[in-house]
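Residues or ranges marked as transmembrane segment by TrEMBL: C:18-37, C:44-71, C:91-111, C:118-140, C:166-186, C:216-241, C:253-277, C:289-308.
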Amino acid sequence: MSTIFGIPTPALYGQILIGLINGSFYAMLSLGLAVIFGLLRVINFAHGAQYMLGAFAAYLLLNWLGINYWLALVLAPLVVGVIAVVIERTMLSRLYGIDPLYGLLLTFGLALILEGAFRYWFGAAGQPYAAPSQLSGGVNLGFMYLPIYRGWVVIASLVICIGTWLLIEKTRLGAYLRAATENATLVQAFGVNVPLLLTLTYGLGAALAALAGVLAAPIYQVSPLMGSNLIIIVFAVVVVGGMGSILGAIVTGYVLGVLEGLTKVFYPEASSIVIFVVMAIVLLVRPAGLFGREE
Amino acid sequence: MSSAPLLEVRGLNAWYGESHVLHGVDLDIREGETVTLLGRNGAGKTTTLRAIMGILRRREGVIRLRGKNLLSLPLHKVAQAGLGYVPEERGIFASLNVSENLTLPPTVSDSGMSVEEIYTLFPNLYERRSSQGTKLSGGEQQMLAIARVLRTGAKVILLDEPTEGLAPVIVQRIGDVLVELKKRGMTILLVEQNFRFAKKVADRFYLMEDGRMVNSFPGHELDARMDELHEVLGV
Amino acid sequence: MAVGTEYLAEQPRLRTSAIVLGAVAIAALLAAPFFFYPVLLMSILCFALFACAFNLLIGYVGLLSFGHAAFFGGAAYFTAHAAKVWEWEPLAAILLGVAGAAVMGLVMGFLAIRRQGIYFAMITLALSQMFAFICLQVPFTHGEDGIQGVPRGYLLGIVDLNQPLAMYYLTLAIFLFGFFAIWRIVHSPFGNILKAIRENERRAISLGYRVDRYKLGAFVMSAALAGLAGSTKAIVFQFATLTDVQWQMSGEVILMTLLGGIGTLVGPIVGASLVIALQNYLAASDFPVLVLIGIIFVICVLLFRRGIVGEILELMKRRSKGAA
């Protein structure tokens, strides 16, 4: 068996794959956080809860209604997106223009409500969710064994991230979004319905988190705690990348995921804190973040 | 007055937070007319435009466009009703290229210029259509800011100090553009400090002081009133 | 963020009544263990001090720390370890916890004050989560079990703290010490500069203040006082566990302060009392506490951002204005 730095290569590749998977989720979630923050100036603490909600929606659709994974990929984000739209209209929109910390506190409260409610109903333990039959099994790539579902998640998340990036950079809606991120009042003075744009952005951001949740369901267990554990790491990712750049958020997500995977190989004790350590170093060297602009 | 004004402002009061900045401003603009607001810095010219657009929200009074009251409308409906705004700071978006900046404001009527017509009028915008908006020179940014509202088919264009900080040759060019727009029958409310520029295009002048309209006179009287204006404006 | 309530200090008549009120409150606290369950009271006192320490930062510097659990829980671990393994005298163990929290505050604060507002909140949260992961892995914290069976010991080698009343009065003394320390800080020249930074940071910089040093100083003081609360709690309850270092605990202290009134001196005490009493009340039922905490958060943010005490002060202010 071949080795690199004394580590058997299949183990190394395996951890890189796990890193890529985690990185996929970091990327998708920090992307949504960055888009929401850019326009609404709200750090969406409920982002993790919305991710958890997506996973639970898939789980419940399957177990209560027999709706399969593929439909859940569409329905769960839709449901969560609609809930988010209601939240934005009834609550978040009252906080625009005041200290952005209140938006953080409100969404934190919402995250607690969601997490608490699901813990109450389903307990803290995770529920299994099987990968769809089309994606079960694996292939031998010669240098490693690749479970098909994991390969699918990496590809799907790349498609989602690039798709979102294209939506923002290349479409008319994206142009509204970019312009409103710079100067919302002026964009509204040009006749664009900015309040609606804010609502849609929050809804889409939450739907993106839910989509990530459905993708995550067969990999991690569906658990009420899955969101809050993840969101704090994603916050660190966002601090490292800086929220000024969409592409920056995506790249930082994948890179830190892989770095975390590699740490698991070479120094497993530090794997759970390596992203925070990177954050601390970035704060010392470049406080605005790797892709951030000084405010 | 021969016809009912296209844009009619009556007793407009406005506040920045607690401070009362406009005191009963009256203003009329007839269709096809170019009207210029004169006044010192801080007299309330820009504030008047912002209050008419609804960017400044705390207002009282009447603002009517073709008889339709704009005061109660949400901000984005004001543009949709037919007001086009060219802000003093030009408001070119850095994250949009020139062509995206140009097509950003939604069209509000089908009377606007097409993108082709605009590029014919502003050939250098066409050349730089893929550049980042804020990479343009100051003069080009001003052209872009004006071009942007021409495309939407707005009935009245509110133009805030288009010549500020620009070289004489560019000011000349913007003057030509405004003359061209007048020929096309555009209605323009202009804020301007540059008399010579304003004289070329303005049909009427309003004079503002401390948030009030203190005088108004037709364009041809400008030369005769020069001394009086110099005193009020302190230039 | 903060609601400025320097109101009491400005009004001599009210100031006198505040002193009277304070004396009554202290008398009530002295008598309280004869009427209420001392453990509940001590729990309230520890959390009230924790919330006051947190409020020092948010209320008077305008910095929202989402990582104060690290100081509270970290100090609890240090104290528990010193008291149990090294068999230190309880007050010395508490002092060690405070010193540990202050050092942690220095490190975390040094990193976090490089960013402001929302980023500051996210950074403190991430750093405290890192600390929680470390606590899970290093041996001295005993992982999921925590440090159990910490002896209360003899205060200065004399007073047996296993006596509930002795423990209660020590806790009360520590609480009062912490509270008056905060009061002194807020009303010192240092505190005035902090408030100036909160109101307008750029202006404070242009006046020549080394704003970062003041912020870091406030952060360390806040961390040390949060540590004092955590250390005392470890001695009172005789254990230190992961619960105290996790982000939920940081959320709870934010809630207590928000509910009572950010930037008011007594608000955090009111908030902490209510939250602890509520948790105590709900402990017997199977109602999900997390949901209730979340709901209170949402209600506070949407309906009364000044908090209970802040709203009352605002009401009094408006009344006296109306009367004048």
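Placement of Cβ uses the backbone N, Cα and C atoms for every residue, glycine included.
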Would you mind listing the long-range same-chain contacts of the transmembrane segment (C:44-71), meaning Cβ under 8 Å and 6+ residues beyond its ends?
1-2, 101, 104-105, 108, 112-113, 117, 120-122, 124-129, 131-132, 171-172, 174-175, 178-179, 182, 185-186, 191, 194-195, 197-198, 214-215, 218-219, 221-230, 232-233, 236, 244-254, 256-257, 260, 262-265, 267-269, 271-273, 275-277
Could you tell me what the rest of the chain brings near the transmembrane segment (C:91-111), counting residues at least six beyond its ends with Cβ under 8 Å?
67, 70-72, 74-80, 82-83, 123-124, 127-128, 131, 153, 155-156, 174, 215-216, 219-224, 226-228, 230-232, 234-235
Which one of these stretches, C:18-37, C:118-140, C:166-186, C:253-277, C:289-308, has the most C-beta pairs shorter than 8 Å to the transmembrane segment (C:216-241)?
C:166-186
Using a Cβ cut-off under 8 Å, which residues of the same chain at least 6 positions beyond either end of the transmembrane segment (C:118-140) come close to it?
63-70, 73-74, 77, 81, 85, 104, 108, 111-112, 147, 242, 245-247, 250
